[in-house]
Number of protein chains: 2
Amino acid sequence: MAADFAATRAMFQLPDGVIYLDGNSLGPLPRGAAERVAACITAEWGGMLITAWNRAGWIDLPRRLGDRIGRLIGAEPGTVVLGDTLSIKVYQALASALELRPGRRVILSDTGNFPSDLYMADGLVRTLGQGYELRTVAPEAVEAAITPDLAVLMLTEVDYRTGRRHDMVRLIAKAHDAGALVVWDLAHSAGAIEVDLAGAAADFAVGCTYKYLNSGPGGPAFIYVAPHLADRVRPALSGWLGHEAPFAFDLDYRPGTGIERMRVGTPPILQMAALDASLDIWDRVEMPDVRARSITLSEAFIQGVEAACPTLELASPRDPEARGSQVSFRHPEGYAIMQALIAAGVIGDFRAPDILRFGFTPLYTTMEEVEAAVGILAGIMATSAWDRAEFRTRAKVT
Amino acid sequence: MAADFAATRAMFQLPDGVIYLDGNSLGPLPRGAAERVAACITAEWGGMLITAWNRAGWIDLPRRLGDRIGRLIGAEPGTVVLGDTLSIKVYQALASALELRPGRRVILSDTGNFPSDLYMADGLVRTLGQGYELRTVAPEAVEAAITPDLAVLMLTEVDYRTGRRHDMVRLIAKAHDAGALVVWDLAHSAGAIEVDLAGAAADFAVGCTYKYLNSGPGGPAFIYVAPHLADRVRPALSGWLGHEAPFAFDLDYRPGTGIERMRVGTPPILQMAALDASLDIWDRVEMPDVRARSITLSEAFIQGVEAACPTLELASPRDPEARGSQVSFRHPEGYAIMQALIAAGVIGDFRAPDILRFGFTPLYTTMEEVEAAVGILAGIMATSAWDRAEFRTRAKVT
């Protein structure tokens, strides 16, 4: 049965007069989230107090939500757990992967990775010392740079600026052939494209929930560890809720079973309540339908913009299979153009130096909105001075 | 002007028929928190979408909340920031402190520390390798164990089981004399007792907000770094929001100014909204008044219990100056006794093997409740079999 995207759209609270093409940065509010969080606060926290950890099932939320997200990324049941931020989860996955490859000291990543992933890897490498190294190449050079000295390949599947998508299956196979493990950042994949972690023989994956998964500002991150690795890692971030028996309060750390050991501290229950409500919408759709609709919307946007705005240069791959669920265009005056778009009610975002980003999120974005956004963008480009020679010259002088 | 604790109590939603003496584990619901979070969800997330990061001031919340908490712990303005969980903040503080003491490789802690702090230190020591060591002694042996090989002394000021309090000023002075830095865990101090980080010449401190500060389940942690150290540390957990210019998306990490660099990933805004509302209550009181009232309540509880329940053994220091804002008693059948108390509407908690814990939280706990709790406990002890010889024997046999 085809997904009913009119029904899913009705499950969001969207402001009037706004076309929201920034769900790749912060997803909008699922109507159910406000109610769910209110119930969590008043009935659970207020009414049950400390006993809610068991009575309201708070303590199991990180695992329960993990399984719900796992369905969307092709993860086996019991292999995903929620908690912390994506940056912390990157550190945790990287440290674990490095420990599984003793004697190897190189992390390979690319310059298209989200900077925080590189920063966290840098911090870990500095902490480890002893010759550990973060090596960074251009995205298109990654495959050739997979050499037998690698410990870990760390990539974000979909580039946050351009939407360019790495070939997960191929790169995992190549890395495994070289004896390396792979850590995938799915920040722009989970809920955006089809991901099959189990089918791709993935080792580690991490991601955030506040973009396509609509969990709200600062919603928790997730981490996936392949079942055959999960009991072999000893987490660097060895917090009490990852202990085999957290409430025994032992002085010595003993890692919990499987993915449980990737838990660290007390989980953010209010944020998790919002995520839980958001996932009710995701339960109504299958990723292949979402992906197909995302391609339809983004192709229409590209065609419309290229026809109407010849000075905007497509920064995303033209082949929809080679990109995620966003489309980016380049323009030297990108920042000002985006400000004008936002003022006109079309919310995308800008990434320096010259990228205009637009996210396509079938759960709530309609074809009518895509067409209207193209029209508004075309109007801005036509009536403003962005492309007039004297404007460019002036901009360069000042 | 004396604090008006009747007024602060009225600002909490407390269930009928419950005497809540577990605010040292999870603080109750401030009435304002439900409203504040609802507004954050509906008006900010729902109405402003991505623009709320600036328009609603989300991006500054970690620092703004840090200053509000700083007032309660004697921290200078601009030295405290919110984020992550306490376990993560322990790791961050420890790694930073170790880096400031190159050539020294010993972390000293005690067996009264909260286990997660020891686990995180263990994980860091394992990650560092190269002879780094976590040394643990009994709480009363800490002072004598401060030797010139120490890099860092890591202590929780108030013992989570017994309420025993370390002498912060004295231990910092001793550690500094030995050339070591000190990391304090204030989980059971912030909002519980008077803390003067600046006056004590503290180096690092961390704490959580969901106990005495009533931020709700999984509320964010905080970290303090002394001003003269803050610009010298390079965080091991070097996330993008701790970068000098997060939205420049540079490939290389450059730490932000001062305490900003201790930020890591995207902050949990819903939890922070709840904390913000909770701190409105704290703005109405001064810590000396809270502390004086806490001592009055806990002294009354000790006297009442000792008079009525001779088989309960005080596990907390008798001198109120030597303990935090909780009182613990020991009994071999402690678990069952606590279950009976909870069933009778008095919520404390149990910590293995034999500790009954009771938190005293003047913002909402009244003297009448303390007296009623003593009466209920006395009734349970008098009418049940806990202290009869045959019960003890049977318990041992099974």
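Indices start at 1 and increase along the chain as displayed.
Quick reminder: no glycine exception, Cβ is built from N, Cα and C everywhere.
Source: prediction; values computed, not measured.
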Looking at the pyridoxal 5'-phosphate binding annotation from TrEMBL, with B:LEU86, B:SER87, B:PHE114, B:PRO115, B:SER116, B:ASP117, B:ASP185, B:HIS188, B:TYR210, B:TRP240, B:THR266 already listed, which candidate in B:THR127, B:THR136, B:THR156, B:THR162 is the matching residue? B:THR156
Can you name the residues of this chain that are 6 or more positions from B:SER116 (pyridoxal 5'-phosphate binding site) yet have a C-beta less than 8 Å from its C-beta? B:LEU86, B:SER87, B:VAL90
Rank the binding-site residues B:PHE114, B:TRP240 by the number of other Cβ atoms within 10 Å of each Cβ, and give the residue at the low end. B:PHE114
Span of B:LEU86, B:SER87, B:PHE114, B:PRO115, B:SER116, B:ASP117, B:THR156, B:ASP185, B:HIS188, B:TYR210, B:TRP240, B:THR266 as binders of pyridoxal 5'-phosphate, largest Cα separation rounded to whole Å, comes out at 30
Going by DSSP, is B:TRP240 (pyridoxal 5'-phosphate binding site) part of a helix, a strand, or coil? helix
Recorded positions in contact range of chain A, given that the Cβ distance is under 8 Å, out of B:LEU86, B:HIS188, B:LYS211: B:LEU86
Measuring Cα to Cα, how many angstrom lie between B:THR156 (pyridoxal 5'-phosphate binding site) and B:LYS211 (N6-(pyridoxal phosphate)lysine)? 14
B:THR156 (pyridoxal 5'-phosphate binding site) in three-state DSSP notation: strand
